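The N6-(pyridoxal phosphate)lysine annotation in Swiss-Prot covers Lys226, and the record cites sequence analysis as its basis. What Swiss-Prot lists as active site, cysteine persulfide intermediate is Cys364, and the listing cites sequence analysis.
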Amino acid sequence: MTFSVDKVRADFPVLSREVNGLPLAYLDSAASAQKPSQVIDAEAEFYRHGYAAVHRGIHTLSAQATEKMENVRKRASLFINARSAEELVFVRGTTEGINLVANSWGNSNVRAGDNIIISQMEHHANIVPWQMLCARVGAELRVIPLNPDGTLQLETLPTLFDEKTRLLAITHVSNVLGTENPLAEIITLAHQHGAKVLVDGAQAVMHHPVDVQALDCDFYVFSGHKLYGPTGIGILYVKEALLQEMPPWEGGGSMIATVSLSEGTTWTKAPWRFEAGTPNTGGIIGLGAALEYVSALGLNNIAEYEQNLMHYALSQLESVPDLTLYGPQNRLGVIAFNLGKHHAYDVGSFLDNYGIAVRTGHHCAMPLMAYYNVPAMCRASLAMYNTHEEVDRLVTGLQRIHRLLG
């Protein structure tokens, strides 16, 4: 199948709008991606004609809604090549998935004197839950340091492991730098030291295929809204043997087997014991449509197009005076930069006046900002619906801002 960016763009209604009298150039998909009509229509159709509470309902609408929900679990398992759909838990997003692991597996397996390893490039969602766990139990948090080029100092990693290391939690792709970490060698090393591995895949799954069996990670988590799906829905993958051992994190309906005031409560089996309460069924339906959409386009086709676009963007940005780029030459999805000594917010505001949407701030990565000694960065992210013309507009906009601000 030949990838056609024009055909893809036609599926995204918002891309036809104007901002400040100019065509929208949406370069903020790493924060949240836009939604194709196929996703919008699937969720709307469910609410119009198929909505009902799932599980245990004997009537037709409930049974059909339950079947649709579980079919999305199956589709998601195929999307990341899990062994079984029952290794996947529906969560609100990457943040909740990581917190679930920290509060369920972490509380049961991390003790005083143990340690957890993260990296200096992590999103706060893959830092704060582990800080909280370490504070609760008296464990130590260890950090893989950064190199100036935005890669990790992996030569230091063997020295961070010891017999007390319980977990390595690491991002697949940095949300600021675009660095893709060499997970295969990292995971192998962690397992050699008896540690489990959690991978934050929020910035990876939309850019190329992910195979959790080939990676051999113990946990993998991602959000639907960055994958052209709805907000409020994500996937947590856990190896089946681990998932079966994990206690529930939240209590309520749907996750129980029996409830007795005198004899206590027993849990249903995984993954459903981690899905307390009424699920975001509409969001799940929308996620299924998003998975179907990108799978039909072909993730390898998407990857090839996006990499060509990234190479073009990096080459064109060389023409912008006083532009500082952060991250390695080989990267996925994002370009973080600052223009001279101007604050990122000012640069982003000027770009918005030109109809160009970028993200500004610390990007939920304050330790990374501290490493580069800056309060904020601008970040342009490139998705499958972005074009060479939009890159040209970004470059022209930055050149114009440089002339205006000096």
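Backbone N, Cα and C define each Cβ position, glycine as well.
Predicted, not measured: the structure shown is a model, and the values here were computed from it.
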Per DSSP (three-state), Lys226 (N6-(pyridoxal phosphate)lysine) is helix
Integer Å value for the Cα distance linking Cys364 (active site, cysteine persulfide intermediate) with Lys226 (N6-(pyridoxal phosphate)lysine) is 15
The sparsest Cβ environment within 10 Å, among the recorded positions Lys226, Cys364, is found at Cys364
For the residue listed as 'active site, cysteine persulfide intermediate', the three-state DSSP class is coil
